[in-house]
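**Q** Quick one: the structure is below, and I'll ask about it shortly.
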Ligand SMILES: Nc1ncnc2c1ncn2[C@@H]1O[C@H](COP(=O)(O)OP(=O)(O)O)[C@@H](O)[C@H]1O
Ligand SMILES: [Mg+2]
């Protein structure tokens, strides 16, 4: 159980009052009061939940809160009804033992609300189960409240019956079915109500509902106030009934009937019976001779009742005013006097109502039964009247108080008697523990033959007995009862006696005890109703049916107390099979108002509910016990290592307990006995261990998983990286390309002009190229044509020498001379010459030979001559060569001259190089020498030596300088030679005039290309 402190500034508020160090009724009251003021309506007293009625909607039942309280037993949460529900459900599943909630308290203390909250939470906990059944359980409440609840001075919606709801679950906790039992329906409310109280809600709902449906007239109804059973001080006005929430509620009730699965016909019969009850209440009598009565209401009225119940009008009329018996073969009619007739009338109405009520329960149970097998777990919820002590206490109060006495005993037994036996059996010392046992008080009522109920039953069977004779007999038999709980009336004639209950002393007025106990309904009435043609009416009064067992059908009818006793025994039997959870509801004030605390009222309830007793008992007893085996299995982790397997013996239990630092525990023969708070201590320790275990498991699992998946993960990461890289590159490249494109576009736009020009130049270049190619082709053709020309044709002698004509007659083979050139014959020598007809220039050299003769003499081979040269021979046979380009004669072939010149220069170059090498060598030697002298100088100390060394170095420097200047002149000579070589080479080559055009184009292209700056590359 969670124990928490709330600091309110004025001392701590405890969640569990059993923790109070100073445990008195004052401190308990003070705590409860301060908690109530802080809207903390729930408080634990040990494992009992005290619930104070807030009389206002607090935000503590929301889905979130419910969620929070799921698995509440493992959490440190403030006290709550959900926590109790959760604990019971968990305990049921964990220990596979049936559980029950015993919810008690005064009328209006909040029992029914608490029951609803528990059902709400449990339904939520077993969500996965039978949802249809869950909805039905919720719906059942609607008409149970309509039929069983009424407005009282204590509570506007007071349940006038005790209710035991059993929810059945399969072993996994899914809800399987439910059973509802009812106890002590306050049927006297039909005919009699105290001031300020109302009849059962259903009658007002019926009125409003039939009005809305326009069926009031059909049922002979007009206004609620026309009817005896709906009149009286505190009854709602006609207006209030007919135009208020009742109409809406009626529709809900009818809707629920339909949803649950009641047949339409049955619902209609039930409505007929309810209307009949109202009409029965209006039957009136008048005294007649011979202690008889005459009915004063109209026949029409009676006929309507007969019609509604589908019974014989005559028989009804007779059964109301008299009873008939066959005595010794003769039919004897006994008339009722006015009082008896009225009692018979009301008994009829009450019986019909009570049987409808029982029938509803039976039908509900048939429907809610579900598919529960025998092997199921049960959660029981008992919502029953609390202890009552009014100014006038009658038989009903007595039954209620005995029920509470019995429940208190159940409680005591739970806590003490079982314990005592257990302690004994286990050899545990219980000398320190005081027991309170109210068995004697119960015996006072229930024991045969000398109990109050036995005496009452016996007296009820005597026609001559009276309430006084009953009181006298009780006085005689019980005054010295061992319980010492019976106190006789002060005067012998008083119709009263006093009982000291566990919760207080109550004076009972024994007036009408016999009549109430007989609970007789005339046999005639039963027969008339059993003969009804309405199946439901006849079924409810069928003398052979067992279903109406609460009202015995044999001749000697079961008395009220006998029936009560049977159901009480049954209830206790059921409760004893369960592990109980106690909820004590407390009413903070009588006015049903929020935030109002009436100390006396609360104090009285605490006494009645046994809470004060409980605290003492709880503190004294060992309420928490476990067999060794279970104890060791559950808690060994507290003292032993996980893998250790200690013996399941008392020694092991001792070790665990001392490890847990429990004090005041005892170890019996088979079980460990602990105080109620030890469960919490152990659970805390166990939780620590198990959370550590979970943590370790987590780590190991994580490790295994990590190992298993790390390679996968790595691969995945690599892949991811690759993808990311790829995407980054793609993106960057994309961006770069876009940028580059943009820039290019810009440049492109700027270069539009250049491009136009370039196109022009390109075209020109292409044209020039084409021209050149054409010329080349022509030249090749011409060369081809003269390939087989005779090499030499000697001219006629002229000026004493001959000239070898070479290819002057090219025109024969390669077409005419290009204009403005013309080929002519020199008359004197008979030799061809060529004339430019525009410039009038003449030449011996065929202008076309510019193309096909080699220009560089060094490139010629054999007799071949370069362009512009001729071979000639003097008349005396000396061969020489003519250069027509400068008109000079040469004794040798120009190639020979060129070669010689080249060789000469090469030789000169070699000489100069050798000279330079020589100088360099000299320089190297000199420098070495100088370095050596400088070394000596650095080491020398003698001044003359130093001076000498300086002198020598200077002399060497002079020589070096001279050598250098000589080397330089050699080198310049070498450069000049190189220049000469270059000049000669250039001279030997001519420039093709067409080539000039091509060069210009090339130069332009180069210039344009250089202007286009290279695009900047971005490094990635
Ligand atoms: N937990 C609660 N929160 C708010 N109001 C409550 C609570 N418990 C009871 N009440 C109020 O008190 C009234 C009486 O409660 P009820 O459960 O009918 O009492 P009992 O069944 O003990 O006679 C309810 O109608 C409701 O108005
Ligand atoms: Mg109630």
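Note: Cβ is positioned from N, Cα and C throughout, glycine not excepted.
TrEMBL: automatically predicted annotations, no manual curation.
These figures come from a predicted structure and were not determined experimentally.
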**Q** With the ranges 856-899, 900-943 to choose from, which does TrEMBL describe as coiled coil?
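**A** It is 900-943 that TrEMBL annotates as coiled coil.
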**Q** Region 'Actin-binding' per TrEMBL: which of the ranges 568-590, 591-613, 614-636 is that?
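**A** Within the set 568-590, 591-613, 614-636, TrEMBL attaches region 'Actin-binding' to 568-590.
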**Q** Here are the binding-site residues: 107, 112. Which has the lowest count of other Cβ atoms within 10 Å?
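**A** Looking at the binding-site residues 107, 112, the Cβ with the fewest others within 10 Å is that of 107.
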**Q** Among the binding-site residues 105, 107, 108, 110, 111, 112, name every one whose Cβ is found under 6 angstroms from ligand 2, counting any of its atoms.
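**A** Cβ < 6 Å from ligand 2, in sequence order: 111, 112.
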**Q** Could you put numbers on the helix, strand and coil content of the region 'Actin-binding' (568-590), residue by residue per DSSP?
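**A** The counts are 9 helix, 8 strand, 6 coil.
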**Q** Counting other CB atoms within 10 A of each CB, which of the binding-site residues 105, 108, 110 comes out lowest?
**A** 108
**Q** Run through the domain 'WW' (815-849) and tell me, per DSSP, how many residues are helix, strand and coil.
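**A** Secondary-structure composition of the domain 'WW' (815-849): 1 helix, 14 strand, 20 coil.
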**Q** Is it possible to list how many residues within the domain 'WW' (863-896) are helical, extended or coil according to DSSP?
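**A** Split by secondary structure, the domain 'WW' (863-896) comes out as 3 helix, 14 strand, 17 coil.
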**Q** Check each residue in the chain of residue 111 (ATP binding site) that is at least six apart in sequence and keep those whose C-beta is under 8 Å from its C-beta; list them in sequence order.
**A** 103, 104, 105, 159, 383, 384, 386, 583, 585
**Q** Excluding 105, 106, 107, 108, 109, 110, 111, 112, which residues of the same chain place their Cβ within 8 Å of the centroid of the Cβ atoms of the recorded ATP site?
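**A** For the ATP site the neighbour list reads 53, 154, 155, 386, 585, 587.
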**Q** Just to confirm: which same-chain residues, 6+ apart in sequence, have a Cβ under 8 Å from the Cβ of residue 106 (ATP binding site)?
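**A** 154, 386, 387, 388, 585, 587, 605, 608 - these are the non-local Cβ neighbours of residue 106 (ATP binding site), listed in sequence order.
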